[in-house]
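**Student:** Pasting a structure below so you can have a look.
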């Protein structure tokens with residue numbers, strides 16, 4: 001009984017104490033916020049009737065309570081803001097000695113406005129970046145809001161009804177800053193051990209968006225940021241050991257020097273010239289006379305006008321949009337072509353485009369390790385293995401070069417009869433027709449893949465350089481046919497395998513993404529390594545020429561077995577890199593065997609189609625749709641990285657890697673790049689190809 005009474009007595013005492021102290025605590029804290037002083041704090045003497053009024057008894061109680069030190073409260077608020085808000089921290093370190101007087105005046109106006117909780121100043125604070133969650137997994141985009149910074153001087157054009165009560169301040173939208181502000185981005189290199197480091201490009205760069213007065217120069221802001229991070233109030237440094245270093249900053253405005261660059265002037269001149277020729281071609285078509293000539297080898301119909309020389313008419317007519325449109329979308333069967341090649345090229349071009357969506361998305365996502373983890377899952381393995389599809393293009397190119405060369409008996413006889421200089425002329429003519437008709441505006445030397453990957457302009461064009469180099473070497477061998485070509489081809493194949501193993505073991509090649517990029521110059525871009533599928537394609541063409549009659553008479557069972565093996569090998573090659581934690585020797589063996597098997601499967605696919613021994617899936621690749629898409633493969637290959645990078649760079653926020661988001665991006669880019677490729681082909685590629 002005594003114990004029970006004592007327990008009830010304790011409960012009563014606790015209840016009385018709570019009842020006594022809680023109202024006082026509420027009265028002491030009711031009139032100020034933990035982070036910022038309210039607008040009605042006596043220390044600021046602010047009376048703003050547009051804000052929500054304070055209850056009279058609460059205000060009176062607070063004013064009479066002398067226990068609250070409002071000067072201390074202001075100091076606490078400023079100290080908290082200085083550490084938690086980067087833009088406020090910059091303002092605090094600014095003084096008349098490190099910035100201009102006008103910049104200093106405007107920065108202090110922002111400081112006073114934030115402490116008074118002026119609407120425009122709060123918008124400046126809100127538009128500037130702070131650390132979002134997700135730093136451990138690569139969230140380095142602390143961008144704030146560019147649109148919010150713009151709304152500081154130009155209110156949003158939004159109409160709200162006055163018939164509904166709102167808790168927001170009445171001036172939140174309409175109030176503007178008394179001076180101009182700009183959105184800037186400053187870049188910090190961090191050295192935090194608390195972020196997953198992939199070693200893929202520069203992921204250790206923090207992007208911080210700041211809304212600052214226009215009167216402050218970029219150099220001044222950069223110095224302020226250096227001072228701010230060196231003095232130590234940067235709170236994120238305490239938690240994540242960031243140890244930031246200021247790299248540079250941008251104001252996101254087009255530099256006027258851009259218009260003075262020779263590259264910009266050349267591009268503008270080419271664009272104006274092409275548009276002018278297109279308009280002239282359209283005008284000539286409308287004004288043409290009944291008299292026309294027709295020649296399938298040129299840009300026809302050639303329009304005969306008495307006012308223009310025939311050569312100029314011929315050149316201008318190459319830019320005729322209607323004529324190019326009909327050529328681009330025609331799907332007439334061509335007895336001299338192998339139809340399955342259209343499907344292979346089209347599928348691989350689209351496949352590589354989807355890979356480029358994922359690759360260039362990497363630079364904008366705020367959870368890079370998650371994106372890489374997706375790439376290693378079985379669901380997205382078909383995309384992460386897409387780079388091996390470049391071998392399909394190399395195989396087809398090697399096959400077509402040798403097949404076309406050996407099939408032309410008249411050319412072979414001419415080569416045998418010609419002397420060295422005559423063959424040299426023939427070689428130069430074939431080279432010009434083969435490449436300059438399509439790639440004349442690219443690097444005329446085609447040696448960009450022999451340099452560092454980071455130094456390559458339009459780095460995805462490395463495969464064009466490889467193909468050019470393979471074509472030159474193969475042409476030299478073909479012009480010595482039949483004395484050295486066969487022996488040289490076998491020697492090149494064996495040498496390629498030995499070189500791949502030697503260089504791969506030397507650089508410790510592995511299948512992980514970080515090693516893949518670090519060794520790209522030695523393995524992925526090197527023509528000495530990538531020549532294997534081209535050699536296999538050449539051998540496949542020679543096999544077709546030598547054994548065409550026997551291949552046509554193969555039994556159905558034998559043919560079906562080859563087709564089934566081909567599709568099985570292709571699928572296995574696409575998923576061969578699902579296990580990436582192999583040793584260097586194991587990874588190199590997988591790469592070499594995979595390229596040999598994939599090239600062999602592609603060769604049989606082309607041979608089977610060329611001999612008429614097709615199967616159900618090869619017939620799908622021979623569909624007329626792919627005849628049209630094949631004409632766009634070069635434009636798709638050339639333009640897709642440009643379009644992807646451009647659209648990603650126009651976004652004002654980073655992207656969060658997610659399965660649904662990535663699927664939507666892929667579908668959207670397929671449509672956009674297809675339309676862009678059609679326009680490019682009609683106005684640029686086809687006119688110059690027609691002329692040559």
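First residue shown is number 1, and so on along the chain.
Cβ atoms are placed via backbone N, Cα and C, with glycine included.
Just so you know, TrEMBL annotations never went through curation; they're auto-generated.
Sharing the features that TrEMBL gives for it:
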- 1-27: signal peptide (SIGNAL)
- 100-243: domain 'Nose resistant-to-fluoxetine protein N-terminal' (DOMAIN)
- 266-284: transmembrane segment (TRANSMEM)
- 347-365: transmembrane segment (TRANSMEM)
- 385-406: transmembrane segment (TRANSMEM)
- 460-481: transmembrane segment (TRANSMEM)
- 487-509: transmembrane segment (TRANSMEM)
- 521-545: transmembrane segment (TRANSMEM)
- 561-578: transmembrane segment (TRANSMEM)
- 585-607: transmembrane segment (TRANSMEM)
- 634-652: transmembrane segment (TRANSMEM)
- 659-684: transmembrane segment (TRANSMEM)
**Student:** For the transmembrane segment (460-481), name the stretch out of 385-406, 487-509, 521-545, 659-684 with the most CB-CB pairs under 8 Å.
**Tutor:** 385-406
**Student:** Do at least three CB pairs under 8 A connect the transmembrane segment (347-365) and the transmembrane segment (659-684), leaving out pairs fewer than 6 apart in sequence?
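**Tutor:** Yes, the stretches contact each other.
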**Student:** Cβ under 8 Å to the transmembrane segment (561-578), counting only same-chain residues 6 or more beyond its ends: which ones?
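**Tutor:** For the transmembrane segment (561-578), the far contacts come to 376, 378, 381-382, 384-385, 388, 511, 554, 590, 594, 597-598, 600-602, 604-605, 608, 615, 617-618.
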**Student:** What residues in the same chain, six or more past the boundaries of the transmembrane segment (585-607), come closer than 8 Å to it by Cβ-Cβ distance?
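**Tutor:** Those are 338, 340-341, 344, 388, 391-392, 395-396, 399, 497, 500-501, 504-505, 509-511, 523, 532-533, 536-537, 539-540, 543-544, 551, 562-563, 565-567, 569-570, 572-573, 576-577, 618, 621, in sequence order.
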**Student:** Is the transmembrane segment (487-509) packed against any residues at least 6 beyond its ends, judged by a Cβ distance under 8 Å, and which are they?
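**Tutor:** The answer is 477, 480, 515, 518-519, 522-523, 526, 528-529, 531-532, 535-536, 538-539, 542, 584-585, 587-588, 591-592.
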**Student:** When secondary structure is assigned with DSSP, how many helix, strand and coil residues does the domain 'Nose resistant-to-fluoxetine protein N-terminal' (100-243) contain?
**Tutor:** 56 helix, 20 strand, 68 coil
**Student:** Looking only at residues six or more beyond either end of the transmembrane segment (266-284), which have a C-beta under 8 A from one in the stretch?
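**Tutor:** Tertiary neighbours of the transmembrane segment (266-284) are 303, 305, 308, 313, 315-322, 683-684, 687.
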**Student:** Six or more residues out from either end of the transmembrane segment (385-406), which same-chain residues have a Cβ under 8 Å from its Cβ atoms?
**Tutor:** 341, 344-345, 348, 351-352, 354-355, 412, 463, 466-467, 470-471, 474-475, 478, 481, 524, 530-538, 540-542, 544-545, 573-577, 594-595, 598-599, 602-603, 606
**Student:** Could you tell me the mean pLDDT the prediction assigns to the domain 'Nose resistant-to-fluoxetine protein N-terminal' (100-243)?
**Tutor:** 90
